[in-house]
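According to TrEMBL:
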- 27-39: compositional bias 'Low complexity' (COMPBIAS)
- 27-47: region 'Disordered' (REGION)
- 146-444: domain 'Deacetylase sirtuin-type' (DOMAIN)
- HIS274: active site, proton acceptor (ACT_SITE)
- CYS282, CYS285, CYS306, CYS309: Zn(2+) binding site (BINDING)
- 317-355: region 'Disordered' (REGION)
- 319-334: compositional bias 'Basic residues' (COMPBIAS)
- 492-506: compositional bias 'Basic and acidic residues' (COMPBIAS)
- 492-513: region 'Disordered' (REGION)
Amino acid sequence: MATGEVLVNRRDLPVVDLTNTDSAARSAAEQAMAASDDPSVPDDSSDGIDNVSLYEDLLDEVEPFELSGGPDVCTAEEARAYRKRLHEVGAGPFVFETVTTGKVSAKKLCTAFNIKPPPFLDGAADSSYYQLLGVVIARELSKRRRLSEYSTMEDAARLLQKSKNIMVITGAGISTSLGIPDFRSKNTGFYSKLREMGFEDPEQVFDITNFDEDPTIFYKLAGDILPDLYNWTPTHEFIHLLQEKGKLLTNYTQNIDNLESHAGIDPEKLVQCHGSWATATCRECGHQIPGEDIFQNIREQKVAECQECVRRLAVPRPGMKRKRSSNGGSRKRRQSDDDDDSDGQYDIPQPGVMKPDITFFGEGLPSRFFTRLRDHDKDVVDLVIVIGTSMKVAPVSEVPQILRPNVPQIYISRDPIRHIDFDVNLLGDCDVVVAELCRLAGWDLKHKMIPEGLRAEVKPVETDDDEQHTWKIYLPKSTQSGKVLVVKPEEAKVEKSTVQKPKSEEPINESTA
């Protein structure tokens with residue numbers, strides 16, 4: 001939701017030059033296009049660079065598709081072989097063996113990396129796909145490599161037991177069981193609702209320039225994302241349990257609901273990457289108040305004015321008189337008034353607007369995100385757990401790529417992602433997954449939304465990878481105790497987790513296969 005220091009800029013990665021096998025790290029934007037004789041391919045280098053940016057943006061939004069095989073689509077087996085070969089020999093020899101020798105078209109080779117060529121390239125010569133393929137290959141080579149020794153849910157539970165410095169990266173998916181919508185889900189996310197209301201670019205609601213120009217838009221719409229002040233989810237409780245066991249290194253949350261604080265996460269171990277509703281600050285004087293003080297204004301869709309400004313402006317300054325309109329009210333300066341007015345007759349001071357301290361687009365991330373990651377966590381973390389986020393927003397999305405390659409990484413969410421290779425993918429409701437992980441680890445995760453005796457079912461999910469590392473975790477219609485998981489949040493009296501005796505840390509014997 002913000003700009004800031006960049007950890008890994010994909011546009012700075014070397015783009016594979018498909019026209020020169022001896023220089024696989026040079027820019028395809030200049031050389032691949034210049035080498036093409038196809039008139040449909042632009043030869044202007046600046047256009048080429050723009051195209052690289054276009055492809056980067058396109059790949060960020062790409063949806064997975066089925067590798068069905070055929071003249072222009074690889075089979076799953078072919079895709080695995082091509083990806084393996086790329087990592088074995090490097091970009092230059094790989095391009096020579098495939099595209100240069102005519103073994104496979106650039107268009108088809110793109111699909112080996114789970115990329116469906118965009119419609120605007122349909123019917124174009126194969127050389128038109130060079131840039132796209134160059135970007136795709138560069139991305140593949142920059143990915144972290146999956147650790148083959150970890151693949152099952154049992155492995156994930158064992159990692160919980162033995163790890164001492166666990167980094168947890170969380171997103172909106174860990175709060176949805178309380179009825180708090182996420183932002184990016186296609187049909188249920190907050191942005192989807194804004195599109196239905198006619199906003200072509202929903203992110204503009206959270207643009208700092210737009211807020212300063214007209215805060216009423218935000219105040220009219222933000223009621224749907226106000227946080228719950230009294231409840232938190234089993235997943236939040238899981239993070240708290242890691243802290244209680246002395247295993248939590250840092251929780252990097254992209255959420256703005258501040259539920260981590262309610263759940264008892266130590267502020268020293270919490271980085272709210274995009275700010276939170278915990279406080280609100282005046283855009284004029286910087287006065288800060290508890291965030292909940294403006295909640296009623298948001299519910300009533302009324303812009304909250306800074307009461308400190310109101311108090312200060314109520315005290316007349318010597319020689320200052322307010323200009324009154326004919327109806328006796330203070331004249332407010334309109335945006336249409338001439339900015340160059342020199343007589344000051346309309347320069348009437350107004351109270352500042354209170355803005356919740358969530359990080360808007362156009363604002364920098366808190367510096368603590370970068371300093372904590374770089375100076376404290378990066379070299380000591382021994383396990384990463386990513387929960388409830390699609391990992392599409394930089395710079396948080398770049399964190400898995402910059403850590404030491406031997407650090408295991410686990411992904412927990414409803415839907416899979418393809419742009420990061422995690423060691424174990426656990427797909428399902430976050431609350432159900434963490435509850436099952438704790439059961440396998442011998443930990444007692446207590447939360448009223450988790451009935452006693454809960455035991456989830458686990459089944460493998462087919463992927464186009466060589467090894468099985470993706471699992472679906474789901475709750476049967478009834479648990480062993482005959483209860484269901486779903487408990488209304490208002491009925492849930494939350495209790496803190498308890499730490500079991502050391503005997504619970506025994507090796508796991510059961511199989512999830």
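Any Cβ shown, glycine's included, is placed from N, Cα and C.
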For CYS282, CYS285, CYS309, listed as binding-site residues, tell me which one has the smallest number of other Cβ atoms within 10 Å.
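Among the binding-site residues CYS282, CYS285, CYS309, the sparsest Cβ neighbourhood within 10 Å belongs to CYS285.
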Between the Cα atoms of CYS285 (Zn(2+) binding site) and HIS274 (active site, proton acceptor), what distance do you get, rounded to the nearest Å?
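One finds 22 Å between the Cα atoms of these residues.
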To which of the recorded positions HIS274, CYS306 does the lowest count of other Cβ atoms within 10 Å belong?
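Comparing Cβ neighbours within 10 Å for the recorded positions HIS274, CYS306, HIS274 has the fewest.
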Between CYS309 (Zn(2+) binding site) and HIS274 (active site, proton acceptor), what C-alpha distance do you get in Å?
26
For the recorded Zn(2+) site, whose residues are CYS282, CYS285, CYS306, CYS309, find every other residue on that chain with a C-beta no more than 8 angstroms from the centre of their C-beta atoms, and list them by sequence position.
ARG283, GLU284, GLY286, HIS287, GLU305, GLN307, GLU308, VAL310, ARG312, PRO351, GLY352, MET354
Distance between HIS274 (active site, proton acceptor) and CYS306 (Zn(2+) binding site) at the Cα atoms, whole Å?
23
Within the domain 'Deacetylase sirtuin-type' (146-444), what mean pLDDT does the predicted structure show?
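88, rounded to a whole number.
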